[in-house]
């Protein structure tokens with residue numbers, strides 16, 4: 001047994017011996033020696049293993065503790081995740097001072113480069129080391145504070161099978177709503193299948209709206225219609241996978257109990273990992289595709305009339321809202337009412353309240369109104385849905401460009417060129433004037449996200465570029481004799497496109513170590529995303545007009561049509577799944593590319 005462990009155990013035993021013998025906590029502890037041994041075995045061993053690599057967790061054995069059960073003596077295990085600040089560890093274990101001091105310095109260095117490192121939602125430098133302790137279930141928080149006076153113990157991080165909480169009214173309502181939706185889905189599917197096999201030929205569309213059979217067939221059905229711009233399916237599917245991968249990596253420092261968190265600083269120094277660090281560009285691909293489809297779809301409408309088009313705008317808004325909101329509303333209900341908190345458990349399960357539930361329980365309305373990127377930015381409901389707010393706001397503004405575009409194309413095209421320039425200038429100004437880092441990972445995240453990353457006025461550039469591209473595609477498709485270019489010129493365009501895409505991904509590597517160059521950061525924020533969007537647009541143009549070769553073949557594969565159709569659902573649910581997997585884990589997570597990618601594949605599948 002290490003000196004640290006022996007010190008803790010001796011302190012614990014002395015405190016228990018001096019504890020009031022009439023307390024239920026002490027009585028249970030004295031009743032059964034076997035249960036007492038199991039509680040000791042299930043508790044942390046206080047050896048500070050891996051602390052130099054940033055391991056601030058000794059979780060003990062959660063399930064062993066909760067499975068302690070002696071019905072005859074009414075003794076049951078209770079698990080609590082407690083914390084001991086580093087300053088207290090240094091005083092309590094002076095022989096461990098050197099190791100803890102080195103760990104502190106390494107963590108401080110890592111936090112300078114990755115400011116948002118967190119442990120159970122808090123700064124490890126302030127919270128310190130986390131211990132799993134197993135005690136009789138009769139021990140209250142006050143009892144535990146007397147036994148472990150130096151430890152910080154939160155009621156939300158204590159668990160016992162005898163202390164099951166009843167569902168609140170909101171959670172019950174959520175469960176009923178989910179049950180009703182499931183019942184309607186089952187009945188709709190049965191009705192659909194019966195009509196299909198009886199070949200009555202009569203199907204009421206409203207009655208099969210929830211049918212798994214019909215909707216499943218629609219999802220699996222592939223199209224070869226060139227008007228659908230099939231290459232966009234591959235772009236959307238791959239971009240969504242990139243989003244999920246990026247969020248899996250991001251949660252290593254947020255919701256996972258990572259046992260080598262300081263390694264993240266070394267990981268950033270490897271250039272190949274810019275493929276992950278630059279993953280935020282996937283969002284700009286979605287903005288580009290969104291703007292493109294909005295204009296392209298509108299331009300194909302026939303019998304255009306300026307006044308009638310503007311009159312139809314409210315209906316366009318309503319259609320968009322009703323198409324996106326039901327899925328969001330269901331998840332907001334599950335999160336906001338706390339039903340989510342009943343689906344799993346684990347040593348750190350109590351932190352689910354801060355990570356997923358509180359934002360929706362307090363600010364659910366801002367998610368449903370798509371204004372989260374400006375209202376309640378510090379406490380988002382489903383944090384990934386900031387994108388939906390930006391996308392919705394850009395869509396609301398789009399009619400004021402695309403309707404005049406059909407009437408006065410030359411003037412509006414000039415206007416869009418001006419907006420593209422503003423889409424570069426505004427992010428540059430925001431970044432430079434506020435001294436923001438060019439990269440999300442090594443930024444002071446509140447400033448970066450609240451002032452730049454979440455803001456529509458800072459992110460509209462790629463959307464306008466997409467709108468411009470959509471108009472080009474529409475016009476070029478109308479030409480009976482499309483322009484033809486030489487193979488040399490087409491090859492040049494492909495080399496240019498791929499070179500720009502690769503440069504945009506890896507260009508930020510020079511900012512990883514140098515975080516104090518406001519001008520370089522400003523230029524990066526101003527140009528990188530718009531240049532990426534231009535390259536994506538050029539790639540789309542090449543694919544749409546028969547110059548895509550194997551790239552267009554790959555992006556147009558039928559499997560991507562299916563994945564593109566479910567990409568919205570994946571976007572909504574993946575972040576919650578990652579968080580749930582991390583906070584319900586029984587052991588620490590060892591950060592390396594293989595482990596994170598393995599978790600990503602599990603989440604994606």
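Along the chain as shown, the residues are counted starting at 1.
Just so it is clear, glycine is given a Cβ too, placed from its N, Cα and C backbone atoms.
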Between 222-247, 248-273, 274-299, which stretch does TrEMBL give the note transmembrane segment?
274-299
With the ranges 380-404, 530-554 to choose from, which does TrEMBL describe as transmembrane segment?
530-554
State the residue range annotated as transmembrane segment by TrEMBL; the candidates are 349-369, 412-432.
412-432
Mean of the pLDDT scores, which run from 0 to 100, over the domain 'Nose resistant-to-fluoxetine protein N-terminal' (22-160):
77
Report yes or no: does the transmembrane segment (274-299) come within contact of the transmembrane segment (566-585), defined as 3 or more CB pairs under 8 Å with a sequence separation of 6 or more?
no
Could you give the residue numbers and ranges of same-chain residues that sit at least 6 residues beyond the transmembrane segment (320-343) on either side and whose C-beta is under 8 angstroms from one of its C-beta atoms?
167-168, 170-171, 173-175, 177-178, 181, 349, 352-353, 356-357, 359-361, 364, 367-368, 381-382, 385, 388, 392, 395, 568-569, 572-573, 576, 580
Grab the same-chain neighbours of the transmembrane segment (486-510) for me: Cβ-Cβ under 8 Å, and only residues 6 or more beyond its ends, written as numbers and ranges.
271, 274-275, 277-278, 281, 438-439, 520, 524, 528, 531-532, 534-536, 538-539, 542, 547, 549, 551
